[in-house]
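Annotated features in TrEMBL:
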- Lys115: active site, N6-AMP-lysine intermediate (ACT_SITE)
- Asp34, Ala35, Glu36, Tyr37, Asp38, Ser83, Leu84, Glu113, Arg136, Glu170, Lys286, Lys310: NAD(+) binding site (BINDING)
- Cys404, Cys407, Cys422, Cys427: Zn(2+) binding site (BINDING)
- 589-671: domain 'BRCT' (DOMAIN)
Amino acid sequence: MDIQEARLKIEELTELLTKYEYEYYVLDNPSVPDAEYDKKMNELKEIEANFPELITADSPTQRVGVTPRETFTKVEHLVPMLSLDNAFNEDNLRSFHRRVVQQVGEDVTYICELKIDGLAISLIYEDGKFVRGATRGDGTIGEDITLNLRTIRSLPLTIKERGRIEVRGEAFMPQASFLKLNEQRKADEQSLFANPRNAAAGSLRQLDPRIAASRNLDLFLYGYGEWQGPELATHSEHLTYMQEQGFKVNPHWKACSTIEEVIDYVSYWTTERPNLAYDIDGIVIKVDNLAQQEALGFTARNPRWAIAHKFPAQEAITILHDVELSVGRTGVITPTAILEPVLVDGSTVQRATLHNEDFIREHDFRLGDTVVIQKAGDIIPKVMRVVEEKRTGEEQEIHMPTHCPACDSELVRIDDEVALRCINPNCPAQLVEGLIHFVSRNAMNIDGLGEKVVEQLFNESLVKTFADLYRLTQEQLVELERMGEKSANNLLNAIQASKQNSLERLLFGLGIRHIGAKAARILAMRFESIEALQKATYEDLVSIDEIGDKMAESVIQFFAEEKVIALVDDLQQLGVNMVYTGPKQATEKIESPFAGKTIVLTGKMEIYTRPEAKQLIEELGGSVTGSVSKKTDIVIAGEAAGSKYDKAVQLGITIWDETDLRNALEEIENE
Ligand code: IVH
């Protein structure tokens, strides 16, 4: 074959394979068997191997780039990526409709779409080619994740449109891929992802695109940003246009000409939702006509022409058989309900959190009770309430222990905390949890050191302190159950490699109270070495924007302890890096969605207690106040939020629900 023939053949195969991929991944309707696709793909690979100079970026063989990146570059969204106001019930939807009608008159059509529970993304095409994919970030500045997005097979690398266009949508992980991924991770003793959304986010944040490629991600497009395509008059025309260009648009969107129809659509999907192959967390309602959208305009952060109806979390009924007590890293005793296994939201639930003793007393849970459990996107669901009608009188009271289930020392309650705590610094359960935290993904990130192995190492007295990890030998490791030569070797390499980690990982891993991954990074960037941080005064610490007084006090207290000083010394002797080697502050300023913001909490909270939510927000630089005014930036509304919610709507203030809060907090933790 000469180069001329090769060029033609490559063109022909590229076109054919692109068509097959479109049919398979976008339309879900392949026209040829998989073997035929594989055959053509191999043919193309072979020709490209002989004529590497003919390989183009949009060749189907080039979805996965070869060189991993060092960091993600920041990109600017010329048209900001906004978020939506939330509605939680019919009333909220009707008041949205009233406001729309007031502004643009009765003649309104709404487009209802599924609210995909994934990650907002932006894709830019120029001259028919996919040139840039980015995360939303803070709405104005996102991260360039082009290489990872390219690996999503339903994303077209080329389109017919030649003008520069930006389409926006949601990248997500289908439930089946999520379950499979977590099964694999469990087998490999890696930490599990809490839900498909986190798994998708984690996959797209990988610097090595081969990882994203292996994760079976998918996407749906539902909007646009920059636009040099044809001028269209409605949102639905945009959806159709995107579909024609080969983009994957969710097929379940519907035009509704009355609010009643909208409400019907919402209630239809509230029941149908478990039958989808991917998670949705609500319905998005958009005014169809773009001229009307323009007339309605925006508040500071949200369009006035759209609203998201959030679904309540999925619930199920089951029996509370037993209560298991566990001791956390900080000594907090957490009761976990052991339940009759029940299917919720596509997975079997047999454990659920009971938070603390007060929670058990308040709800009067007893062993043998029929209870309602709820899954709100976490691995561990919550027990919500008792079904009183099912009481037989046989139920047994739950007794909280007076002594630590692990070390038998007396439990205490500190100040106004609701939690019971074991304050024995040598409590084995706490030490093990501390070690598990130290090696975890966001801390020292030691691959192959799962919970089971840590427990074994601890029980065999091979590892008692973080430093002991760095003294382990091949001989010691192979003695462990289920540990072969090869895994022992890999583990030692991983431990060795972790010595090079930049300081923030060590700081986070040390488990300083109130210092999460984000705060650890801020401290590491600011002080650059552990030595400098150890010398920092309270004033030095609180002078940093994002560091509050609780954090500062905790850092001071931590480094004043003899044991800590000895440990840091020990780690240093063993060759663990103690300086910051990450990107420079100027390019990597961490944004907190709460910094400098005024936030109001209202309604019944389920995921966090009020004081917890308040503390978390304050740690991230936000202030929490009691009443809604023009100065309020975000209202976080729990269930049955009343007048404060209405006022926020009236003033056009961004309204979040608790899952938005949790998602925002998790995103920061994951950074
Ligand atoms: S429209 C300006 N449509 O929900 C309007 N968003 O706060 C932009 N989402 O950040 C959003 N499915 O990540 C829209 N069909 C859909 C959606 C959707 C999921 C996400 C998106 C956005 C958030 C809304």
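Cβ atoms here come from the backbone N, Cα and C positions, even for glycine.
Features as recorded by TrEMBL, highlighted on the structure.
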| residue | record | Cβ contacts under 8 Å, 6 or more apart |
| --- | --- | --- |
| Asp34 | NAD(+) binding site | none |
| Asp38 | NAD(+) binding site | none |
| Leu84 | NAD(+) binding site | Val284, Asn302, Pro303, Ala306, Ile307, Ala308 |
| Lys115 | active site, N6-AMP-lysine intermediate | Ile280, Asp281, Gly282, Ile283, Val284, Ala308, His309, Lys310 |
| Arg136 | NAD(+) binding site | His77, Met81, Leu119, Ala120, Ile121, Ser122, Gly142 |
| Lys286 | NAD(+) binding site | Tyr110, Ile111, Cys112, Glu113, His235, Gln293, Trp305, Ala306 |
| Cys404 | Zn(2+) binding site | Val327, Ile333, Glu410, Leu411, Cys422, Asn424, Cys427, Ala429 |
| Cys407 | Zn(2+) binding site | Cys422, Asn424, Asn426, Cys427, Pro428, Ala429 |
Please list the DSSP helix, strand and coil residue counts for the domain 'BRCT' (589-671).
32 helix, 17 strand, 34 coil
Consider only the recorded positions Lys115, Cys407, Cys422: which of them have a Cβ under 6 Å from an atom of ligand 1? Write none if no residue does.
Lys115
Return the residues near Glu36 (NAD(+) binding site), defined as same-chain residues 6+ apart in sequence whose C-beta is under 8 angstroms from its C-beta, sorted by sequence, else 'none'.
Tyr20
The sparsest Cβ environment within 10 Å, among the binding-site residues Cys422, Cys427, is found at Cys427
Confidence summary (mean pLDDT) of the domain 'BRCT' (589-671)
78
Residues Asp34, Ala35, Glu36, Tyr37, Asp38, Ser83, Leu84, Glu113, Arg136, Glu170, Lys286, Lys310 binding NAD(+) per the record - widest CA separation, whole Å:
44
Does DSSP put Cys422 (Zn(2+) binding site) in a helix, in a strand, or in coil?
strand
